[in-house]
């Protein structure tokens, strides 16, 4: 004897359905195939939503009986159950195809069109086409609904999108019946789909080729028969922009044309200009350890670039990159870099040591005098020692000049030359100090 709580409860309806299924004799595939023939005939004759509901209910009953059929053997060539299931799916698709259209279909189509109006970047020509399409189709919708659909409140495209969304809401509020208002819904849907088609045909920005987009924005306006000397014509634009000290067309070309030829010409122009406007683009490219963008950053001279560049000269990896970075850091000339650059005075590569010394000279930080003096006195490479003497001259304080001047009799002629420059500078300073005051 079991506890009453363990017994499952059955409603009268579920009991009736179970009894009906149990009393229904198991049908053969042939019988079910014939029944589907009848369902298809009923579908073809259906004229209203209610008729389609009845067809769908009958199809559900047939499907339940198909589910009771046994699965075929693994090596069986035929699969009657699978064939019936495929046929049921096709009939069900036919039912869905025959339903509607509904007022909600119209509203959703209009909302999609409103999103297209609002989110697409149109050309001037396209904007005019969009305005005309929206105003024409809204007038059609208003006529079909006998009023209730207003036009845009201004020429602004957002106002046109708002008006289309309002029209979608007006269709919903009309509470149209798929059977009783079939012709009205069909007419509304034709207008809504017509609007979407009109928008698809309107000229948007992405329809233009790259050169058409540039031409549209006036990129080629500077070209005339006389100054159009280069091929491709974009190169002429870049060279004219460089002469006019205008970095914007150069940056546009750099962003647009991916050929190595145009990329190099654009960055060389930016390097010669040293325009601050190019900083963001060059800094982003420099993070990929590209030499030319690093050189442009050096010419621009913005100290923010040190956040990107200084880590490239830590350690002994990639000497060619380090040489480029040291030149750029020296050109920037900010004392924030002094310690990191000074650390490279002991690099294994003499070119790195030399580059670091010259960068310190360009930076001009007096804290570099002692390590530069040590380098001048102790390094085995004369080119490195020359760079150290040059850097001391560049720093130009009395202490720095005295350290360099001590090598006037150096074994290396080029070191002697720098030492003599230091002596001359000290003599000039002494002369200025000795001049009598008025």
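Note that Cβ sites are derived from N, Cα and C of the backbone, with glycine treated the same way.
Since we're looking at a predicted model, the values are computed, not measured.
As annotated by TrEMBL, compositional bias 'Acidic residues' applies to 1-23, 30-57. Positions annotated as region 'Disordered' by TrEMBL: 1-86, 111-131, 419-438. According to TrEMBL, the compositional bias 'Basic and acidic residues' annotation covers 58-68, 118-131.
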Chain residues in Cβ proximity to the compositional bias 'Basic and acidic residues' (58-68) (below 8 Å; excluding those fewer than six residues from its ends, i.e. six or more beyond): 21, 24, 26-27, 32, 35-36, 39, 42, 81, 84-85, 88, 91-92, 95
Secondary structure tally of the compositional bias 'Basic and acidic residues' (58-68) (DSSP, helix then strand then coil): 10 helix, 0 strand, 1 coil
Residue counts (helix, strand, coil, in that order) that DSSP gives for the compositional bias 'Basic and acidic residues' (118-131): 10 helix, 1 strand, 3 coil
